[in-house]
Every structure is written in structure tokens, then in C-alpha cells.
Amino acid sequence: MSMVDEPLYPIAVLIDELKNDDIQLRLNSIRRLSTIARALGEERTRKELIPFLSENNDDDDEVLLAMAEELGVFIPYVGGVDHAHVLLPPLETLCTVEETCVRDKAVESLCRIGSQMRETDLVDWFIPLVKRLAAGEWFTARVSACGLFHIAYPSAPDMLKTELRSMYSQLCQDDMPMVRRAAATNLGKFAATVEAANLKTDIMSMFEDLTQDDQDSVRLLAVEGCAALGKLLEPQDCVAHILPVIVNFSQDKSWRVRYMVANQLYELCEAVGPEPTRTDLVPAYVRLLRDNEAEVRIAAAGKVTKFCRILNPELAIQHILPCVKELSSDSSQHVRSALASVIMGMAPVLGKDATIEQLLPIFLSLLKDEFPDVRLNIISKLDQVNQVIGIDLLSQSLLPAIVELAEDRHWRVRLAIIEYIPLLASQLGVGFFDDKLGALCMQWLQDKVYSIRDAAANNLKRLAEEFGPEWAMQHIVPQVLDMVNNPHYLYRMIVLRAISLLAPVMGSEITCSKLLPVMVTASKDRVPNIKFNVAKVLQSMIPIVDQSVVESTIRPALVDLAEDPDVDVRFFANQALQSTDHVMMSS
């Protein structure tokens, strides 16, 4: 093959592969477009490859999606920004296909290319493309057009700007709900590029059309527009135009729209400011907390703490707390769960007295809820209450409930309690801890669920760090070592795990005198799993103890294990012996 024909080869292969019946081959060739473009050079890519892709009418969405993605980063291969416009035709075609994810990717790529194009090229090439799509016969083109206006608008001359605004207005009133939905979704982005004078007139009239749409799927997207537009308008305009819409939406006949308001309420409050929030949005929020649809109550309950932070404590106690009490005994467990996940955050907002008087009874009722997720959500946030009401009150009121939950039938609840114990220990202090919770920590080591036993071993290590080696020597080590003779090998295993975690905290002396002899005895266990875990623990002890102890005690035990009939025991024993050799050589 002559040198002249050489570059023809890649495009010929591409054409063959793109017409192949095997979808994987077609996909691979699209993924290699950048390599092919480099081989062809910039000029031939513009004149041959891009026109070929424009005409490529593959019917497989996966191939089209890959093509839309590749073209978005193709500017360097067609000769840079000066020639970016040649990439628009194939992407314009992709904007009209039926599959939504292909259209979305094509719009994303067009936005990426458009944001790099020069202003004159945008006017000559990009804006005509947007106009063609917006006037498209098939709704898919019009849906795609909605996502491109915010790129086209800033560089358009005044005459064209007016035309673009009127086109967007038409899209907001399109016959097809899908187009109106796309217009509602992109209104915030488009509004951010429009001049302040036109924002109040043109954009607000489009927004009003969308808020009164007869399709709830369009109205609920307009709720998101409320927050976006609220940030662009002056505060007084926001109160005049956006606030009435939010209040109406909070009473909308469709629960989906009310759900969106409940979900977005915090952002909407930020948009309208603190004063209108207190006067107009508190009643709206109370309505949502008492909504007859559980989904709306779930969304509203999840925002209760955030909302209370905007209000002063008096307003929160007066208006929000009665609703919170109702929600704590709601018929839907998911509502109670959403409330439990945020209610602890109300304690710092309401202050000590209101928390003790009003919130504590609610916490206690949620801690005794029949649904485990509710109990779990309360436990995981208990530290937020400690800071407000102090440890004495917490221990009197909540500790009995915590002790009860330590034996909960759902292991995830027990796990959450274990993870909370070190924090509780640091706040309760050593005396109180020994009285109330010490026995529990040992009890968990013999739990039926491995995750609980493992968490219990980690818990002992964290307690030893918190209260010091002397305390651990007195309260933890003897009870752990007693368990080493348990008839069930899984419980003996957790003792090994606890020893490996405690040894670094306890230090060399206690490790040598108390922990190491137990390990040597365990190395003669009849169960191979115990023996190879002993080898692992002995290896972890090498850096902790003196070299003489390694020589006299650890090495002989490992040598015995290295001759064990079980292959795994020999493997881990030899691994540990290599570590002892490294220590010897380094010293």
C-alpha cells in the first residue's frame, strides 16, 4: 500500500465497522473516533469523518449515545474553536432522536461546544440551530432546544434576543407536556442569562404560565424554578411574584407538587428572606406537616430542623412543635423515621428548657418505636442532645432506654448502640460507665451476629484508649481472657481479635505478662481457624514486644505452627516467621 493511500485505511475500517451487524463492533469503532480523527488529520476529519457521522443513521441507542458523548470533546480534532461549528450538524440530528438519554447527551455536548465557540460563530451557526430545533415538527427537537437557549442567548444581538425570548415563551405554551416540562426544567438556567429588565416582564410571564399548567408534572418542575428565580430577583419582587406561587403550590391539588414544595422549602425560604418566611411560609409549612399524603409528610418532616433554624425559638415552639408531636405518633413508619433522623437537631435550636420539657418525651417515645429504623435514627444523633441538656439528665431519662436497646432483636440497632458507647463513655465518665454499661460491653462479645462481636472488640479498644491501660487491665482484660476457654470456636476467635486490638493500647509489659501466654496456649487449639488467627495476632505483636520476647516466646510458637498439618495454618505461620526474620535483620 502506498503512503498516499495510508490515511484512507482508518475511515474505510470505520465505515465497515459502523455497518457491521455486531453492536459491540459498532460501539468500539465509535469509542475510537478520536484515534481515527488523529490519523486522518484535522482537514480530512472535517471534510470526510464528520459528514459521514452526520449521515450515519444507526438505529441502536447505545451507539448513538456513545457518538453524542465523543463529539462533545471533538473540538481539538477538527482544528480547534475556529472550526467547532462543523460538529453541530451530527449533534443536531442526535437532538431529534426518540431515546431521551441520547438527546440529553447531545444537548450536553452542544452546550460544551457552544460555550467554547466564538461570538460570531454562535450567531452564524449555533443560534440558527437552536431556532431550527425550537421550530421542529417533532416534539423531540423542541424538547432539546429548551436546554440550549442559555448558551445561545448571551451572545445574540438585541433583535435576536427578543426573538429567542418569544420562542422560549412559545415552548412554555407548547401543546406537548414533554416540551413544557423541558421548558420548566431549563427556565432557571435561561433566566440567569436574561437582562434584569426582561427578567421581570418576559421571564415572569413564562413562569406564571408554567405555574398554572394543567399537568402536575409541569407544575412540580416550576417549583424548582421558584428557588432559581428567587435568587435572581430583588427581594421585594421575589415577595410579590414568587411568594404567592409557593403558598398556592403548598395547597396544590396534586400531592406530587406539594411534595416538591416540602422538599424545596428550605431553598424557597432562603429566596424570599426571613420576614416573609415567618409570616407566610410558616402556615404553609404547618399545612404540609399535616398533609393527608404520607409522602408529603415524610418530605416535610425531613426538613423540620432546617426550617426551625430560620425561625426564632418562640415561633418554632408555638407552630412547629405541636406538629412534631403529632408526627412522632404518625401512622406511617416512614414519617416517624424521617422525623427521627432530624429531630435531635432541634435541641440546639430550641434551647435547654424547651428540649427537656417538650422534646425529651418525643425522643423517648421514638426510642421505643416498634420500627427499628426509627430507633436507629434517634440513637445515631444522641450526641446533639447531650450538648444541650447535659449528661445527668440524659443518663436519667434516656439511659434506661439505651440499655434496653442494647438487647434489641434487630442487630443493626445493637450495632448503632455499640458505636455510640465510646462517645457516651467519654461524656459519662469512668464511674458512671462501670455501673451502668460495663457489663453490656462484655455481653456483646458473645452476640450471635459476627458484626456485633467485631464491633464489640473495636469498642473495647476505644474504651481502653479513653480510660487508660490501668482501667482496662482491671475491667476488660480479665473478662476477655476468661472467654478463651469458651467451647464454641467462634467465641474463642473474637477473643483473639480483641487481644490483637488491645495489645497496642496496653503496651509491652501487659502484652508480655497477660496477653502473650494466652496466645501461646491458643496456638495449640484443635481448630485450624483459631491457629492461623493466632499466627496473624503473633505477627501483629512483634513490633510491640521486646526482641528477646520475640526470640524466646513468639518464634518457637510460630515454628510449631509452621509444621501444622493444615495448609492455611502453615501459610500464615510462615508469613509471621518472615516478619520475625525482618526484625532480627534490621536490629
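Glycine is no exception: its Cβ is also placed from the backbone N, Cα and C atoms.
Record features (TrEMBL):
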REPEAT    10-48  repeat 'HEAT'
REPEAT    164-202  repeat 'HEAT'
REPEAT    203-241  repeat 'HEAT'
REPEAT    242-280  repeat 'HEAT'
REPEAT    281-319  repeat 'HEAT'
REPEAT    320-358  repeat 'HEAT'
REPEAT    359-397  repeat 'HEAT'
REPEAT    398-436  repeat 'HEAT'
REPEAT    437-475  repeat 'HEAT'
REPEAT    476-514  repeat 'HEAT'
REPEAT    515-553  repeat 'HEAT'
REPEAT    554-587  repeat 'HEAT'
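Per-class residue totals from DSSP over the repeat 'HEAT' (10-48), listed helix then strand then coil: 33 helix, 0 strand, 6 coil. Remark: secondary structure over the repeat 'HEAT' (203-241) totals 33 helix, 0 strand, 6 coil, with classes taken from DSSP. Summarised as a single figure, the pLDDT of the repeat 'HEAT' (242-280) averages 79. Here the repeat 'HEAT' (476-514) has Cβ contacts under 8 Å with residues 441-442, 445-446, 450, 453-454, 456-458, 460-461, 463-465, 469, 521-522, 525, 527, 529-530, 533-534, 536-537, 540-541, 544-546, 549, 553 of the same chain, all six or more residues outside its ends. Long-range contacts of the repeat 'HEAT' (437-475) within the same chain, counting only residues at least 6 positions beyond its ends with a Cβ under 8 Å from a Cβ of the stretch, are 403, 406, 411, 414-415, 418-419, 421-422, 424-426, 428, 430, 483, 486, 490-491, 494-495, 497-498, 501-502, 505-507, 510, 514.
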